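Now, the feature entries from Swiss-Prot:
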BINDING   Thr30, Leu31, Gly32, Pro33, Lys51, Asp87, Gly88, Thr89, Thr90, Thr91, Gly415, Asp496  ATP binding site
Amino acid sequence: MSAKEVKFGVDARDRMLRGVDILANAVKVTLGPKGRNVVLDKSFGAPRITKDGVTVAKEIELEDKFENMGAQMVREVASKSADLAGDGTTTATVLAAAIVREGAKSVAAGMNPMDLKRGIDLAVEAVVADLVKNSKKVTSNEEIAQVGTISANGDAEIGKFLSDAMKKVGNEGVITVEEAKSLETELDVVEGMQFDRGYISPYFVTNADKMRVEFDDAYILINEKKLSNLNELLPLLEAVVQTGKPLVIVAEDVEGEALATLVVNRLRGGLKVAAVKAPGFGDRRKAMLQDIAILTGGQAISEDLGIKMENVTLAMLGKAKKVMIDKENTTIVNGAGKKADIEARVAQIKAQIEETTSDYDREKLQERLAKLAGGVAVIRVGGATEIEVKERKDRVDDAMHATRAAVEEGILPGGGVALLRASEQLKRIKTQNDDQKTGVEIVRKALSWPARQIAINAGEDGSVIVGKILEKDQYSYGFDSQSGEYGDMVKKGIIDPTKVVRAAIQNAASVAALLITTEAMIAELPKKGNAGGGMPPGGGGMGGMDF
């Protein structure tokens with residue numbers, strides 16, 4: 001085991017604080033509508049330009065191990081806020097740095113770190129309660145657009161795209177963000193359920209111009225196994241032919257005799273049919289087939305349930321108003337499933353999302369949820385250069401998470417105003433001793449920093465602006481740094497999602513309190529350079545040897 005270096009007390013906290021400040025200073029320049037960009041060097045390709053706090057934080061690694069520990073702890077604040085609310089990472093970083101800075105001063109002055117921590121925890125509880133109390137539900141599409149615009153750094157076009165997307169696919173629907181091939185940003189909405197499997201054979205195509213299958217009022221057979229023998233299918237096919245409606249077969253695979261017969265019947269015109277491979281793999285495939293069955297009001301045919309193919313009746317088939325299948329995707333619109341069944345399935349998937357610990361599983365479950373709940377919207381972000389597209393895509397991602405958070409927990413006045421107002425409530429908190437009172441005071445001071453930093457980034461005097469905002473009693477009164485005017489933030493459309501503000505203060509205080517209570521730090525000693533690896537002139541790679 002290699003030797004370690006240990007730092008104690010003031011020395012440890014000073015090093016840590018330096019790291020916190022370096023990271024916070026790099027991140028805080030991006031805050032607010034007049035925040036600046038940060039350029040990140042990439043080991044390959046062009047540098048990346050971003051205004052996203054968490055992206056900047058993730059790039060920072062410091063040479064000094066002890067400074068780096070401080071920076072990494074605060075980076076965790078930004079990451080946690082991004083995971084929980086998807087936005088507010090810069091606010092969280094600014095808050096954490098402010099709490100650590102004031103806390104370190106108090107500890108150096110001889111106060112008890114554990115009492116300071118208890119005071120900080122008390123203050124955060126009171127702040128969260130105040131935020132929740134003053135939170136307003138999002139009622140209109142216009143408010144969703146405003147949240148998106150603020151989070152996308154004042155880009156109204158992005159705000160509008162997001163509110164349109166949420167209007168079309170619902171609050172639970174999936175909105176994905178991709179890079180466009182053109183200059184324009186566009187919105188593409190897929191209604192109903194879409195999965196990434198196309199037709200098994202091109203002979204099923206009904207619309208030759210678009211090379212796709214289009215069926216109206218179709219039956220859907222959902223089968224878990226491969227279909228290779230036609231005999232077991234015949235009774236069902238005859239029943240479907242008599243109804244005159246088309247049939248879509250979703251199965252693990254359709255091959256051999258079964259596929260050949262379906263194609264021949266399709267070409268002769270007697271049977272409108274198309275076959276598609278089932279989406280997903282393994283257990284996920286079973287779950288997705290069950291989703292399709294619930295959406296279309298059918299039954300997933302599975303030998304586990306003791307249902308054999310030859311016993312399948314028309315009543316077991318799903319139905320949909322429209323089915324479209326191209327080479328790569330199948331879309332089912334207006335399935336005939338019962339609303340109550342679909343809602344129960346949605347609730348079940350939501351419960352699984354809450355329980356899962358894997359990010360990959362969570363993403364897949366959210367996709368399934370969206371397909372059941374409404375549809376999928378794709379925002380394709382355009383721009384003149386790849387660097388511009390990437391920077392804009394970062395902002396669209398932030399804005400998308402912010403609008404989701406706003407729908408979930410409501411909205412508050414933006415521009416750091418909600419935290420400023422909450423700081424006034426902290427004057428009334430009863431504490432057990434003076435050190436705890438100082439802990440509350442540390443949070444109270446820190447809460448003014450987001451509003452102050454937004455003003456500083458806009459070239460204003462932060463202290464003057466915070467003072468003027470607090471002079472007025474009106475809750476949503478604040479400073480619009482874009483226009484340089486004071487007024488009602490909500491009426492001006494400057495609003496933040498409650499969830500984002502709440503996550504920012506909770507995560508910032510959690511990590512900052514841990515940093516304040518740190519008394520020792522341990523890191524590996526830097527490796528001493530040995531001569532063996534060098535290449536001095538004429539050494540031929542044998543560094544340190546005399547010739």
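Heads up, the Cβ atoms here are built off N, Cα and C, so glycines get one too.
Most Cβ neighbours within 10 Å among the binding-site residues Thr30, Thr90: this distinction goes to Thr90.
Secondary structure at Thr90 (ATP binding site), taken from DSSP and collapsed to helix, strand or coil, is helix. Among the residues Thr30, Leu31, Gly32, Pro33, Lys51, Asp87, Gly88, Thr89, Thr90, Thr91, Gly415, Asp496 said to bind ATP, no two Cα atoms are farther apart than 17 Å. Taking every protein chain shown into account, Gly32, Gly88, Gly415 are the binding-site residues, and of these the Cβ with the most other Cβ atoms within 10 Å belongs to Gly88. The C-beta environment of Lys51 (ATP binding site), restricted to residues of the same chain at least 6 apart in sequence and closer than 8 Å, consists of Thr30, Gly35, Arg36, Asn37, Val38, Asn153, Glu391, Asp394, Arg395.
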